[in-house]
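Could you have a look at this structure, given as structure tokens, before my questions?
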Ligand SMILES: Nc1nc2c(ncn2[C@@H]2O[C@H](COP(=O)(O)OP(=O)(O)OP(=O)(O)O)[C@@H](O)[C@H]2O)c(=O)[nH]1
Ligand SMILES: [Zn+2]
């Protein structure tokens, strides 16, 4: 019987529930947790969660640093929810938007000792759902959590199925068709769908490159503001079009368009980061204040797509050494790094300088 959900399907359902403000169960061998997203949980549900036991607000070490909370667990801190904390306090701890107006939300009492694995899994789930990485967590005996999930028909996932760095999803080509492009009429768009229910990614192939030779390739991450709206805050739009021009002129090559908006944090969080940048923080600091790493992308996706298309060697258009390294790790030989130096404006020179200084980009 295959009617029941497998682990990958249960994770996809749990991500979706968290986005809607529902609770989910994470089941470990002895203990389990009821988990809700600080960003989406309705006030009434927070009250119900409280009635079950002690509530922790799990935040990342980056967010803890901003809030001056001690992160005894290394990569995260388990803040004990104060008895008088209302939903506004929870949201403000998760979201740095009002940090400057409301700086004294603490002092934060954080837990020390014990096993933070359930909290770590909760944060990983929220990140993969593109929500702020702040999770409300109540830890109880696993049997009790399983019973609550059963009674209230909540999604439940096994702790062992939520690894901190998920395995690279398997991508399947779903559809492909000819799309004549301005840069070259021999264009073809292929759509790849990950098996884990996350976003689809696209490959634009120009011509029919020989699979036995290195392919000219741009590995591009989605940027709604730069690619579509012509934003001057970044260099994405000009890079996208320069890469397409170069591939079109060469007569063959591949543009991989990965739907990893905002370096993998999603557009809502990227706009939160932009609002922080308007307060004076740089692109990396803004991500950290939100609780994210400076780059949350999984470049293994691009390498998987290229391999599925039959390529083994690549001439990669990028200024980002991490992209080169990841291709190599995934078994694709980068025979050449082709620089893409376009799109510098007075609005983005600070952004480009920060990427060079803090993220190792080549200027
Ligand atoms: N979080 C965040 N993301 C941003 C910001 N500005 C641009 N982005 C995102 O950054 C990514 C840039 O993608 P790419 O141009 O492929 O990557 P890159 O790391 O700059 O590397 P190369 O362009 O290949 O040199 C896109 O996903 C954008 O949406 C920002 O200030 N904050
Ligand atoms: Zn951009």
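Every residue gets a Cβ built from N, Cα and C, even glycine.
As annotated in TrEMBL:
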type	residues	note
ACT_SITE	295	active site, proton acceptor
ACT_SITE	297	active site, nucleophile
BINDING	218, 219, 220, 221, 222, 239, 261, 262, 263, 283, 318, 323	GTP binding site
BINDING	223, 234, 236	Zn(2+) binding site
DOMAIN	177-339	domain 'GTP cyclohydrolase II'
Can you figure out which of 223, 234, 236, 295, 297 (the recorded positions) comes closest in space to residue 318 (GTP binding site), comparing Cα atoms?
236
List, in residue order, those recorded positions out of 220, 295, 297, 318 with a Cβ under 6 Å from any atom belonging to ligand 2.
none
If one measures from the C-alpha of residue 297 (active site, nucleophile) to the C-alpha of residue 263 (GTP binding site), what distance in angstrom results, rounded to a whole number?
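So the alpha carbons of residue 297 (active site, nucleophile) and residue 263 (GTP binding site) sit roughly 5 Å from each other.
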Would you mind reading off the Cα separation of residue 218 (GTP binding site) from residue 236 (Zn(2+) binding site), to the nearest angstrom?
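Cα to Cα, residue 218 (GTP binding site) and residue 236 (Zn(2+) binding site) are separated by 12 Å.
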Given the recorded positions 261, 263, 295, which one's Cα is the least distant from that of residue 223 (Zn(2+) binding site)?
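Checking each of 261, 263, 295 against residue 223 (Zn(2+) binding site), the shortest Cα distance is to 261.
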Count the Cβ atoms, other than its own, that fall within 10 Å of the Cβ of residue 295 (active site, proton acceptor), considering every protein chain shown.
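If we count other Cβ atoms within 10 Å of residue 295 (active site, proton acceptor), we arrive at 18.
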Counting all other Cβ atoms within 10 Å across every protein chain shown, which of the recorded positions 220, 263, 297 scores highest?
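By the 10 Å Cβ neighbour count, 220 comes out on top.
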Ten-angstrom check, please: count other Cβ atoms within 10 Å of the Cβ of residue 222 (GTP binding site), all chains counted.
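So the Cβ neighbour count for residue 222 (GTP binding site) comes to 20.
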